[in-house]
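Lifted from TrEMBL, the feature list:
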| type | residues | note |
| --- | --- | --- |
| BINDING | Val129, Leu196, Asp407 | Ca(2+) binding site |
| BINDING | Arg142, Tyr262, Arg318 | protein binding site |
| BINDING | His194, His302, His406 | Zn(2+) binding site |
| COMPBIAS | 571-580 | compositional bias 'Polar residues' |
| REGION | 559-580 | region 'Disordered' |
| REPEAT | 179-220 | repeat 'NHL' |
| REPEAT | 230-273 | repeat 'NHL' |
| TRANSMEM | 474-496 | transmembrane segment |
Amino acid sequence: MFVYSIAAEQAFHRARTTMFSTRSKSMDRASLGIAWCLLLFVVLLLEAQPAASQTQSSVRYLQNGNDNVNSNSMQQMLKGAGATPVNWPQPPKQVIPDVKTELAKLNTTYVYQNAWPANNVKLGAVTAVSFDKAGNVVIFHRVDRVWGQNTFDNRNQYTEKFRGPIRESTILALEPQTGKVQYDWGKNFFYMPHGLTVDPEDNVWVTDVAMHQVFKFAPRGAGGKPLLTLGVTFQPGIGKKFCKPTSVAVLNNGDFFVADGYCNARILKYSQAGELILTWGQNSFAGVSYDVAPQNYFAIPHALTLVPDQQLLCAADRENGRVQCFHSSNGTFYSQYHNQLIGDRLFSMAYTPAEGGQLVIVNGPTAELGIHPEHYNEVHGFVLSMGSKQVLSKFGPNNMQFHNPHDVAVTTDGKEIYVAELNPARIHKFVHKSLAKPMSLSATKDSSITSDLSESSALDASTQQTVHHPSGKAILVSSLMLIFAGSTFALALFFAQRRKRGNQALISAPPTDLVYRQLTASNQSCMPFGGRSRRHAWEKSDGFKLGGLLDRDRNGFEKLDTQASDEEQETTTLASAQFA
């Protein structure tokens with residue numbers, strides 16, 4: 001193209017020179033016409049060049065994307081409505097000598113509450129978390145449903161309608177201190193839960209990616225039927241239809257935003273009555289992540305949060321690994337936030353005005369397809385300053401990594417953080433260290449990372465319901481057994497020393513016949529372990545054996561159960577590909 005450009009410009013100058021020279025020499029009209037034709041040809045050539053360049057760039061872009069596409073889910077999203085191939089120059093990446101070292105330097109400002117929620121709370125894959133007006137932690141979970149490779153066909157249509165809606169409650173409200181269930185609802189309605197938001201009036205907004213719909217319910221799901229429904233049941237599309245919508249955010253005046261995430265990659269603003277006000281966003285998904293993508297382009301807008309004090313709406317641009325913020329009044333771009341410490345995938349974020357305005361962020365396992373990772377990656381929660389755009393701290397369960405965090409919520413004062421996780425299926429609570437109480441002994445959770453393909457690309461959740469936290473019975477039984485073993489050992493040691501002193505005394509002064517007769521005739525039943533266990537001091541001894549002592553009464557002991565809790569038996573190996 002560069003060669004063609006130089007040749008075209010040279011031809012243009014020659015044509016212009018020829019035209020002017022013909023005028024000066026008063027050439028005939030035929031020569032002048034030829035000059036004008038030549039000039040017109042050159043102009044058309046110059047105008048055609050950028051179009052050819054753009055076409056070739058688009059082809060390269062799609063080829064680059066297809067190099068990484070090796071699953072059904074990726075093909076679905078690449079074929080999603082509204083997908084627009086785009087090519088943009090990539091600025092040089094910020095150079096960090098060692099990401100692992102930089103991550104290790106980050107402070108941990110939040111303490112994990114391992115005993116929350118209550119032990120009897122059973123969950124499927126937890127997809128969303130929010131707060132109601134009473135301060136309860138409201139969560140959305142999938143119970144027994146799993147998003148796998150065959151859950152949707154290549155037209156993004158749900159393939160498991162025959163199973164019917166989830167029969168158990170999919171929405172639970174947990175008391176923030178104890179974690180006990182305050183109320184639950186959402187039976188026999190949802191097929192594949194995703195996003196949940198409780199608005200300032202306590203209405204509950206949810207999205208179902210299988211139904212391709214957005215629902216508004218009365219506070220606590222009163223009535224069991226939605227007050228407002230957007231989209232067409234089980235029919236993906238564009239326009240008034242959705243294709244796997246992900247999240248909702250609601251303004252104080254009742255206007256609300258919908259992230260139409262997986263296929264259409266757009267954000268829509270509606271009035272309180274459900275009338276469309278505006279829409280923006282284009283699909284930039286190509287199977288790879290970018291440090292800085294163009295404004296208003298999304299590779300799965302996965303979650304939404306409001307920044308009321310700045311009148312902003314922020315979106316988690318998941319596969320571009322960034323947060324994009326827009327003016328909530330008109331949808332125009334405001335700013336974006338990306339950091340190499342967080343990595344190339346960013347699942348959700350929540351805003352707190354604490355410390356001048358902060359974003360609490362959860363990322364995900366590296367690389368959309370688990371290949372070609374850009375750099376070292378750890379799965380944590382991060383606190384990012386909106387002012388400086390710097391990562392201030394990190395957090396995770398027992399100061400370790402998450403597996404598949406999916407959503408996050410933070411209180412207005414920034415003191416409590418809750419993280420919804422797909423696999424293992426959990427809801428986590430963190431408290432700022434300034435308020436945290438001393439932690440009790442707890443089982444350390446495995447820090448290994450399970451690479452997943454999440455939602456239409458990430459591995460989803462365990463196929464069975466799991467109890468959230470281990471029981472304290474195991475610790476109690478273990479403690480009692482240790483105390484008993486220690487006491488037994490001390491008692492045995494006491495008698496061993498006593499016998500040793502007896503042996504030494506008899507060696508220095510052998511017993512007389514009278515002493516011998518008294519010893520043999522004595523009643524031995526007063527000994528702690530019975531007469532048979534007693535040995536005469538002058539009899540040959542093989543030494544004290546603790547095992548022999550304990551063998552006298554084996555019926556008094558029971559084997560300790562090695563499977564102390566459901567959590568210890570969890571497996572991180574998934575039998576099939578699942579998505580978030």
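Positions of Cβ are set from backbone N, Cα and C atoms, glycine also.
A TrEMBL annotation is a machine prediction, not a hand-curated record.
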Using Cα positions only, nearest of the binding-site residues to Arg318 (protein binding site) (Leu196, His302, Asp407): His302
Residues Arg142, Tyr262, Arg318 [recorded protein binders]: greatest CA to CA distance in Å: 21
Val129, Leu196, Asp407 excluded, remaining Cβ within 8 Å of their centroid (Ca(2+)): Val126, Thr127, Ala128, Ser130, Val138, Ile139, Phe140, Gly195, Thr197, Ser348, His406, Val408, Ala409, Ala420
Residue pair Asp407 (Ca(2+) binding site), His302 (Zn(2+) binding site) - Cα distance, angstrom, rounded: 9
Rounded Cα separation (Å) that holds between Arg142 (protein binding site) and His194 (Zn(2+) binding site): 8
Average model confidence [pLDDT] within the repeat 'NHL' (179-220): 98
Alpha-carbon spacing, Leu196 (Ca(2+) binding site) to His406 (Zn(2+) binding site), which is rounded to whole Å: 12
Number of helical, extended and coil residues in the repeat 'NHL' (179-220), per DSSP: 2 helix, 21 strand, 19 coil
Around the Cβ of His194 (Zn(2+) binding site), the count of other Cβ atoms that are within 10 Å: 28
